[in-house]
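S.K.: Provided herewith is a single structure, encoded as structure tokens, for subsequent inquiry.
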Amino acid sequence: MMENLLANCVQKNLNHFMFTNAIFLCELLLAQFPSEVNLQLLARCYLSNSQAYSAYYILKGSKTPQSRYLFAFSCFKLDLLGEAEAALLPCEDYAEEVPGGAAGHYLLGLIYRYSGRKNCSIQQFRMALSFDPLCWEAYGELCSLGAAEEASTVFGNVASQRLQKTCVEQRISFSEGATIDQITDSDKALKDTGLSQTEHIPGENQQDLKIMQQPGDIPPNTDRQLSTNGWDLNTPSPVLLQVMDALPPLLLKNMRRPAVEGSLMSVHGVRVRRRNFFSEELSAEAQEESGRRRSARIAARKKNPMSQSFGKDSHWLHLSPSESNYAPSLSSMIGKCRIQSSKEATTSGQSVSDIGSSVDDEEKSNPSESSPDRFSLISGISEVLSLLKILGDGHRHLHMYKCQEALLAYQKLSQKQYNTHWVLMQVGKAYFELQDYFNADSSFTLAHQKYPYALEGMDTYSTVLYHLKEEMRLGYLAQELISVDRLSPESWCAVGNCYSLRKDHDTALKMFQRAIQLNERFTYAHTLCGHEFAALEEFEDAERCYRKALGIDTRHYNAWYGLGMTYLRQEKFEFAQHQFQLALQINPRSSVIMCYYGIALHESKRNDEALMMMEKAVLTDAKNPLPKYYKAHILTSLGDYHKAQKVLEELKECAPQESSVHASLGKIYNQLKQYDKAVLHFGIALDLSPSPSDAVKIKAYMERLILPDELVTEENL
């Protein structure tokens, strides 16, 4: 049939990524055979070709669940969040289920998240996981929102039972490498194939066909049941919609071929009643068939020898009763298919004797046939969930900024899983949050060497190189990423970091803005833009960028930190304290945020609280020199020079090449009237190439130390 041919060609082109050709053929298909199924197929072609606007226009107004899901997805791609939500939830009372199952709830969760409705989005992501425990993206979103439950709970026994139930419902056969859905579809393909060959029936059968299609034989509401079949999310077959008028149950019901009928019942007897109820049962099967995918039935015809035996070359259905004795024995073929259950083998207290004997023989010959399959199923589910538990633990800890716990979780993985790109990226990010830039560099470098085509996380890698001041490596990385994908926001973030390291903030800002053009929801790019505006002392623009980042992700603590630094530089200390507090609520283990929060407290004359915050920062990360330096600064301002000297002497051992440490020691020795040591440390500070502004200040201090001695010498003369 023309419709079948075009539909198969469209699917083949989609599988081979020939999207434009698929669109062309699907437009022909829809013009010749207008139906909701073909409309959905064309929408998929448009979406595959990044033409969400085209899918939006052709699906607008569709009411079937699958069309609503595709329309909502198109709206989401076009940033029409209100229309997307309305398509997924047409009723305010939520009486109608969200189309798409787990995917529909996940999409609705994203819509709620980007609309600023955090609690609703959390609910939808949890619903997605309840529908499909393997919907990892939903768990990842929950981690990002800070609302994820422990992985052992999410991927525990309930998830295992859910997956087992789903697999049983889908009739997965692990041992034979094919699903029982395909076997069932091949049985139903028998009826479709028989119908499609009615043109080859001899003349007398043509007359019988007219008699068979008389209105008196049509069951009530048959058309209505087939045309409004509930629209399960599987795509119905357009072939079935075309041959509705032929009414396949009636064709088989009225055939006067006893031998053939017996053979047919030997195939479908596991779910067919006796002759009196044959039409009703087949009508129900036709209704069920309308919810199945066309591609699955076609695959079943190709793979299953049963369905192949009833093609155009197999005309044995039309033989006389005597000739039909030489037809292939279908009852002998039934052993190749799985028997569903003894309940389906009998109906209304009766069973076909031939079927019953074949089922009994099958059960006797293979009494524990399902045991290996069930064991394989349970074993496979257990392995998958065990892996997801480890990954989930690490991911959850990382988003809670418990980086040490995250690293310990990832170390439980096998070597194969640990060396995957995603895990190496997570490990690198964990070290990055710990400010262990050398280990972070090692992890990111390994990931980039093994997977040079993967760009996810490269923005963080470029920031690591920025902090390590690896200008040459950062420039090489930026060029490499741009050559791989110029349309990736991560690539342009790397370029921007390269220019920022060179103090070319204007060019860096343009690079980060280019990343935002490619992905408006790329939170880190907005934050980096804010940093560059702050470096240019354009604080209003910096604040605007940080606000945009927080509009996308309220748990992006870097933006809260950036706002705090902006207010701190503007001497708005109360506002700065509030922003640092919000940042600490998200990342309570950041010694950098604690340090600057302490500075804001100190500037507000809350010195005791400031000292406590500095000590907490030192305990959190003893390797970070910043809290120790500012602790000494606060002690110096309070006149406690000896404690400040002790802190700086310890810090000097950790950071001997830091000019600011020696300059601070020079000031303290000056206050303690140990002028020789003060001059020594000021000289060391100048030798370590401080910034021009710091160099001017250090020279001014040295002049104050030398000038009194000169005056004393002149007076003696």
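From the backbone N, Cα and C atoms, a Cβ is placed for every residue, glycine too.
What Swiss-Prot records for 198-208, 342-356 is compositional bias 'Polar residues'. What Swiss-Prot lists as region 'Disordered' is 198-217, 282-315, 342-374. The annotation compositional bias 'Basic residues' is assigned in Swiss-Prot to 293-304. The repeat 'TPR 1' annotation in Swiss-Prot covers 421-454. Annotation comment: Swiss-Prot describes 489-522 as repeat 'TPR 2'. Taken from Swiss-Prot, the feature repeat 'TPR 3' covers 524-556. Taken from Swiss-Prot, the feature repeat 'TPR 4' covers 557-590. Residues or ranges marked as repeat 'TPR 5' by Swiss-Prot: 592-624. Annotation comment: Swiss-Prot describes 625-658 as repeat 'TPR 6'. The repeat 'TPR 7' annotation in Swiss-Prot covers 659-692.
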S.K.: How about long-range neighbours of the repeat 'TPR 2' (489-522): same chain, 6 or more residues beyond its ends, C-beta under 8 Å?
M.R.: 79, 114, 455-459, 461-463, 465-466, 469, 471, 474-475, 477-478, 481-482, 528-529, 531-533, 535-536, 552
S.K.: Is the repeat 'TPR 5' (592-624) packed against any residues at least 6 beyond its ends, judged by a Cβ distance under 8 Å, and which are they?
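M.R.: Contacts with the repeat 'TPR 5' (592-624): 434-435, 557, 561, 564-565, 568, 571, 573-574, 576-577, 580-581, 583-584, 630-631, 634-635, 637-638, 654.
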S.K.: What else in the chain is close to the repeat 'TPR 4' (557-590), if you only count residues 6 or more beyond its ends and a Cβ gap under 8 Å?
M.R.: 146, 401-403, 433, 523-524, 526-527, 530-531, 534, 537, 539, 542-543, 546-547, 549-550, 596-597, 599-601, 603-604, 620
S.K.: Near the repeat 'TPR 3' (524-556), which residues from the same chain, at least 6 beyond its ends, have a CB less than 8 A from one of its CBs?
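M.R.: Contacts with the repeat 'TPR 3' (524-556): 114, 116, 118, 144-146, 399, 459-460, 489, 492-493, 496-497, 500, 505-506, 508-509, 512-513, 515-516, 562-563, 565-566, 569-570, 586.
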S.K.: Within the repeat 'TPR 6' (625-658), count helix residues (DSSP H, G, I), strand residues (E, B) and coil residues, in that order.
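M.R.: Across the repeat 'TPR 6' (625-658), the residues distribute as 27 helix, 0 strand, 7 coil.
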S.K.: Can you work out the mean pLDDT of the predicted model over the repeat 'TPR 7' (659-692)?
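M.R.: Mean model confidence (pLDDT) across the repeat 'TPR 7' (659-692) is 88.
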